[in-house]
C-alpha cells in the first residue's frame with residue numbers, strides 16, 4: 001500500500017520489518033547500534049558465525065575476528081547483547097532481527113553506496129529491503145525521505161542523490177551469501193536489556209539516547225555484579241592494596257594488546273566497526289550529539305563507595321570533549337584491571353529536560369501572540385484543481401530545451417520522459433518540457449506530474465533541485481493539539497528573558513490517504529512533547545512561524561523513527577526543536593546561540609517565512 005504503481009517511482013515508508021507467521025522460516029540478521037542511532041547489519045558470514053555460537057551457548061561470547069579479520073578487536077557478549085571492542089573498551093548494543101525469507105537478506109542481495117574513500121558501504125537492512133522491493137517492481141526511482149533519509153535513488157544511473165546538496169554517489173547491487181534461516185517462535189526482543197522504569201518511554205531522539213543507554217548500562221551493571229560478587233563485596237582499602245575483584249572471578253589478562261575473555265571493566269568509547277559507516281548527510285542534527293549515560297564501567301559491579309586513592313577517569317561524552325579521550329580511558333581501564341588495580345569512571349551529568357514545577361497562576365499568554373492553543377482536525381483533501389492544472393499553473397513551456405538531464409527521470413530533456421507509457425494524461429505529451437517560474441529549473445511536464453501525484457496533492461509544487469516552493473506547502477501531520485505559554489524561568493544563555501513553553505500532543509490513530517500506509521494504525525510515542533524558546537523578539541517570531549507550520553501540518557509527519565527503527569509512527573519533520581530545558585547534553589538544549597537563526601532557515605525551507613505573518 002505504501003508503494004506507487006509500477007514505473008512511477010516510489011515514495012514510501014515500508015520498513016521491511018514485518019514478522020511472518022510463527023510456523024514459517026525467517027531470516028536472521030544481527031545488527032549493532034552506531035553512534036547515530038542506526039542499526040547496522042553485520043555481514044551474512046558474520047551472522048552465520050554468531051548463529052552457530054548461539055546454538056552451542058546462548059550465554060557465551062562470539063569472537064568476530066574468527067570469521068572477518070577486519071573485526072578482530074570485536075567480541076559479542078550474548079548474555080548482555082553488547083558488542084565489546086577490546087582495544088578501546090567501546091560497548092555497543094546488538095540485536096537479533098528477523099526478516100521475510102523472500103526479502104533481500106534471504107536472497108543474499110546487498111545494496112551498497114560508494115563512500116568518500118571509494119569503498120562500498122552497505123545500507124541499513126530496512127533500506128536495503130526497500131530498495132530491492134522498488135528494484136524488483138521496476139520503479140525508475142525511489143524516495144527515501146519517509147525512512148528518515150533525504151536521498152533519491154535512481155535505478156537507471158544506479159546513483160543516490162542528496163536532495164538538499166544535490167550531491168550524487170554511485171550505488172551497486174551485489175550478490176553475497178544469504179543470511180541464515182531460523183524456524184520456530186520468535187523470541188522476545190533481545191536488543192536493549194530492560195530497566196526498572198515504568199510507563200511508556202519517550203521515543204523522541206533525545207530522550208531515547210539518554211534513557212535507553214542508561215537502562216542498558218544499569219542492566220549490564222547488575223549482570224556483572226551477580227557474576228563478580230556472588231557473596232560479599234571485597235574491596236581494597238588503599239590503591240596499593242588488594243584488588244577489587246576476588247581471586248578467580250575472571251579479571252581479564254592483557255595478552256599481546258588484546259583483553260582475553262573476562263569480566264573486567266568495560267568502558268564506552270567512540271568509534272564503530274570498520275567499513276560500516278553512515279552516509280555523511282543521512283542524519284542532520286544527530287551527528288554531534290553528546291550521549292550521556294553511556295560512559296559507565298560495568299566491571300566495578302557493586303555501587304559501594306570507591307576506596308580513597310582510587311583514580312577516577314572522567315569521561316564526559318563520546319566526542320572527545322571530556323578531560324580524558326574515551327578510547328584512552330578505555331585502554332587505561334583495561335590495563336589497570338589486568339594489573340589488579342581498581343579504577344572507576346565518573347558519571348556524566350544528567351540532562352535537565354524540564355523546568356522546575358510551575359503553578360497555573362504563573363503561566364501567562366505570550367505577548368503579541370493570539371490565544372494559547374491550536375488544534376488540527378482530520379485532513380480535508382481539496383478537490384479543486386486537477387494535478388495537470390496545478391503543474392501547468394507554475395510552469396512555462398520550453399520549445400527548445402537544452403541537452404541536459406531531467407533530474408526527476410534522469411533522461412535527457414531532448415528525449416521523452418521516463419514516465420512515457422506509465423502516465424497518459426490528456427494534453428501532456430511525454431516530450432513536453434516546462435520551466436518553473438521562480439527558479440527557472442526545467443523538467444519534463446510528465447515528470448513533474450508524476451512527482452506531484454506521489455506527493456501531498458495539496459495544490460503546491462516544490463522544485464526537486466533548489467526546493468523553491470510554488471503555492472502553499474502543507475504536510476501530512478496527523479490531528480493533534482499545540483499549546484504555548486510563558487513560564488517564569490530562564491533558559492541558559494537567556495538569563496534576562498522568561499521562557500516560551502510549547503506542548504505538542506498527538507494521539508495514536510489511523511493513517512489517512514495522504515500517509516504511507518492508509519488504513520493502518522500509527523503510533524505516537526513520547527507525547528506530550530515539551531519544547532522551549534526564549535521570550536524575546538526573535539523567540540516570539542519563531543513561535544508565530546511554528547504556529548503557521550503547525551496549521552499547515554508541517555511540524556510532524558508519519559514515517560520511520562531514526563532512533564528506534566519503528567515504522568508507522570509520528571516523527572519530527574525537519575524543523576528542529578529544543579526539548580532540553582536547562583542543559584545541552586543531548587544537542588537539543590541551550591545555550592545554542594545559532595538555534596533561532598537555524599530554525600528560521602528550516603521554516604523558510606518549508607515555505608514558512610516572515611512574509612507569511614504579514615498576509
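Including glycine, each Cβ sits where the backbone N, Cα and C put it.
Marked as domain 'WWE' by TrEMBL: 16-96 (among others). Secondary structure of the domain 'WWE' (16-96) per DSSP (helix as H, G, I; strand as E, B; remaining residues coil): 19 helix, 28 strand, 34 coil.
The residues of the domain 'WWE' (97-173), classed with DSSP into helix (H, G, I), strand (E, B) and coil, number 19 helix, 29 strand, 29 coil. Residues annotated as domain 'WWE' in TrEMBL: 97-173 (among others).
Among the features that TrEMBL reports, domain 'RING-type' is placed at 406-467.
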Inset, instruction - Give the residue counts of the domain 'RING-type' (406-467) per reduced DSSP state, in the order helix, strand, coil. - result: 9 helix, 12 strand, 41 coil
Inset, instruction - Could you tell me the mean pLDDT over the domain 'WWE' (16-96), as a whole number? - result: 84
